[in-house]
Every structure is written in C-alpha cells, then in structure tokens.
Amino acid sequence: MDMILVAGVDSSTQSCKVVVRDLDTGAVVRTGRASHPDGTEVHPDAWWDALTVALADAGGLEDVAAIAVGGQQHGMVALDASGTVIRPALLWNDTRSAQAAADLTDELGAERYAARTGVVPVASFTATKLRWLADAEPENAARVAAVALPHDWLTWRLRGFGPDNPVLEELVTDRSDASGTAYFDTAGGDYDRELLARALRRDSAENVMLPRVLGPAESVEGPAGSPTSGLRIGAGAGDNAGAALGLDASPGDVVVSIGTSGTVFAVTRNPVQDASGTVAGFADATGNFLPLVATLNAARVLDATARLLGVDHTELGRLALEAEPGSAGLVLQPYFEGERTPNRPDATATLFGMTLGSTTRENLARAAIEGLLCGLADGLDAIRRHGVVASRLLLVGGAAQNPAVSAIAAQVFDAPVVVPEPAEYVALGAAAQAAWALTGTRPAWTVQTSSEPPADHRPVIREQYQARA
Ligand SMILES: Nc1ncnc2c1ncn2[C@@H]1O[C@H](COP(=O)(O)OP(=O)(O)O)[C@@H](O)[C@H]1O
Ligand SMILES: O=C(CO)[C@@H](O)[C@H](O)COP(=O)(O)O
C-alpha cells in the first residue's frame, strides 16, 4: 500500500520550513525551506511567497493528504472588507506598541487583563499593535474588517482565499495562537470582543471578523476548484505550541527554544494567570495550556557576537568552551532589540566587567551564550513559581544545535538538559496536527534524543548576571 503523507509548516520569523511525514511512522520523507525578509514589519505576501517556494522545495502537495500551518505568534495581519492586507504586519518583536501596551494595561489593570485573557499586554501582543494602529494610523484602523495572525492568514491563503476571493468568514485559527492576541479568554476558549473594541478604540467590535477557533482534531478543506481542493487542512498553531506538540511534551517537560525568540514553556492541565505579566498564560495545541516566558534576544545574540568576532557558529562555540564558566567576570546583558522579559522595550545591550584580563575573544563568546541562557533561566524560575515542575529541559531551536550552547545550558540551569535530535519541531508538530485532523487521533510518533549533557551546575554564572540586573 502507498504511504499516506501529511505535511507541516513553520512560518517562523526568519524562514518558512516544510516537512512531509509518513502518517504511519512519522518519518520525515521530504523537507523544504525558504527565507523571510528581515525586519520587524513584514508584508504577509512575503510569507505567502516563501510558503509557495518552500512547498515546491518539499515536492509539492499533490501526494499529501493533510497539512497544517504553524507560525510565529502575535503578528498583526489587518484586513479590510475586500480581504486586502491594510499595511505590512507588525511582528511579535516590533516594540513600537510599547506605549499602547502600557496604556491598555493602565486602562483595565494588570489583574483584570490576566484574569480575562491569561496575559498582561506587552508590545508583542496583537491587541497592542491594534491600539498602536488606532493611535498612529487612524485611517488604517477605520478600515479594519478582520484581524488574523500569520498562521491563520496563511491557512486562508492556502485554501484559495485572498483579495480575489475575500471570504473573511472562512478565516480559522486555533486556541494556542488566539491566546496570544490579548483579546481571547484563554481559560474559557472564546474571544473577548470588548477588549478587541478597546484596542481598536471602537465602541463595538462585533462587526470585526475574527478567525473561527478550531479544536485540535478539526479541519477545513480547500474549496472545490481551489488548488487545495480535497486536501484536509488542520487548525494550525502558534509556533511554540507547535513545537510542544512536535516534541510530544507532557507535564514535567519544560521546553527551552532558542530561535529568533527565546522561549521557555510547559504543558499544563490548568490555565496560568500571572498578573505580573512575566509568564504569558497561553493555550497549547491539544486542549491544555502553555505557560510561556519569551525573550526578544536569543539566537541572534550569537549571530551578532559571531559577526563581531569574525567567526562562524562552530568557531564561536569552540571559543566559548575555551573560557571558564563565568567568563572571568564578563557579563553580556543581551538586550540588543530591547527586551520583553523583563519588560524593557527601549533597552540596548550592555557588556559589563571588562578588564584587560577578561576582555578576550573566548570570554566574549562565552558571555554571549551565558547571557542569553541567563535570561531564559530567569524565565524558568518564573514558570516554576506557578507550580510547574521541571523534570527535564528540552533544548530546541536553531542555536540549540551548537554543542557549546547545550554544554553551557547544563551549567546555567539547575535541571537536567536533554537535546532532542536536531529537527524542525514546529513544522513536525504542525504535521502531527495534520495527522490528527486526518485520522481523528493524535499520532504516537517518537522523538529521538541527540545528547544529554552531563549535569554541571555552576551557580556563579547566574549570580554574576543577576548582580548586573
Ligand atoms: N550552530 C548554531 N549555533 C548558533 N546559532 C545557530 C546555529 N545554527 C543556526 N543558528 C541560529 O538560529 C537562528 C534560527 O533558528 P530558528 O529556530 O530556525 O529561528 P526562527 O524559528 O525564529 O526563525 C538563526 O539566528 C541562526 O543564525
Ligand atoms: O512571541 C513569541 C512567543 O510569545 C515568539 O516565540 C514568536 O512566536 C516567534 O517565534 P520564533 O520565530 O522565534 O520561533
């Protein structure tokens, strides 16, 4: 019998990745990839173009039975009544809506926001971008007829909808991505339209189309005559929830993802509401919850440091492992793009502890890795304060592929570190969702471990970092 194939997409900040898996075993049979433009403001058409290229690179969809799209969370895709994208999307890492976030929080209060949505507004969340639009571009805000997130919009386009076929009612999403908007009642599973209206500075948002929220096993199809007619299309997910699904993470697992963003998150049975705003009380892609801490500065801290030192990532890792834990007192507070956790949208990076002795290439390479990991370790502490148990940390994302990052993670974190086999876990999770939509059952595919760096906790690293906070 022929293999049944399912596909998963990760439309992430820097690129679009596609995996095609065998439904039976989960084995990856084909992959594809295409780059996204730089910048924190991107026209969604660029994602569509990249998805088209990545799908072709992965051999197309002709022999594929089902697909789901995971994607970077929070980006604001505002559509007018004709289905046209009103302006380039503001991404999760665009901090221009920091004042809007502060205003929304002041108006309602952090406690009430957390109780109603699971989150307290920061510049990343969609609601703050809509408030920025209402304040900075009122003529654009007045045109908003629908608001989608990157993955919802790509799912809609994949089904043949768009400016040529603008059926806004056909937009669909899932709980995980909806929970990152700050106008979704994550515990209850429904939109909070009063908060949407507040964000848009409208009296009512009843006439604004929001994507219908599908359950984990639900699906839609491409309409008859569309290029995806007959293809089963799953709900899709926010990228972090997609990774949790791809990793088959269960209570006790904490995922640490080092991509463009740094994220620390856990799958929990109950919702988390943190009025301090440090932990975002998101939903996952399976019906559970996904308390998450995100930093804006992660893999690109290493990209920047490698560039500065004139080396590639392998050499950066080699240099870092030549230095002693603590980098002889050199501490990099890596807020290159402002920061979200802690909430310092206007911050810049700072290098502390420079002496003639400490200022070496080796120490700088290590300080970069230590700095980004210390931010994530603070995130782990914040999640633990909500009763989450970290039996092991699953290290994923582009930078997790660097052996120096995993070795130093075992020194920074006080929990066992496991590095799963390098893979595109968001796309793998989206493919799992496609399989779930196709069969009605969550697939039981296995995840291989690549390494488990020996426990080597060195408290000095975080002590030094915290002293500079
Ligand atoms: N071996 C490596 N060491 C450090 N960083 C790496 C390595 N390989 C890739 N990266 C970085 O990881 C990032 C891409 O990771 P990825 O998880 O795909 O990001 P995203 O999903 O946010 O687009 C890039 O910034 C890239 O330079
Ligand atoms: O804002 C968040 C989570 O709240 C980010 O995690 C984005 O979802 C982007 O992820 P990557 O492109 O780095 O994977």
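Indices start at 1 and increase along the chain as displayed.
Glycine is no exception: its Cβ is also placed from the backbone N, Cα and C atoms.
Residues annotated as domain 'Carbohydrate kinase FGGY N-terminal' in TrEMBL: 6-245. Taken from TrEMBL, the feature site 'Important for activity' applies to ASP10. Feature annotation from TrEMBL assigns substrate binding site to GLN73, HIS74. Feature annotation from TrEMBL assigns active site, proton acceptor to ASP239. Residues or ranges marked as domain 'Carbohydrate kinase FGGY C-terminal' by TrEMBL: 255-438.
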Sparsest-packed of the listed recorded positions (GLN73, HIS74, ASP239) - C-beta count within 10 angstroms: HIS74
All-chain count of other Cβ atoms within 10 Å of ASP10 (site 'Important for activity'): 30
Close recorded positions near ASP10 (site 'Important for activity'), where close means Cα within 10 Å, chosen from GLN73, HIS74, ASP239: ASP239
Euclidean distance between Cα atoms of HIS74 (substrate binding site) and the residue listed as 'active site, proton acceptor', Å: 10
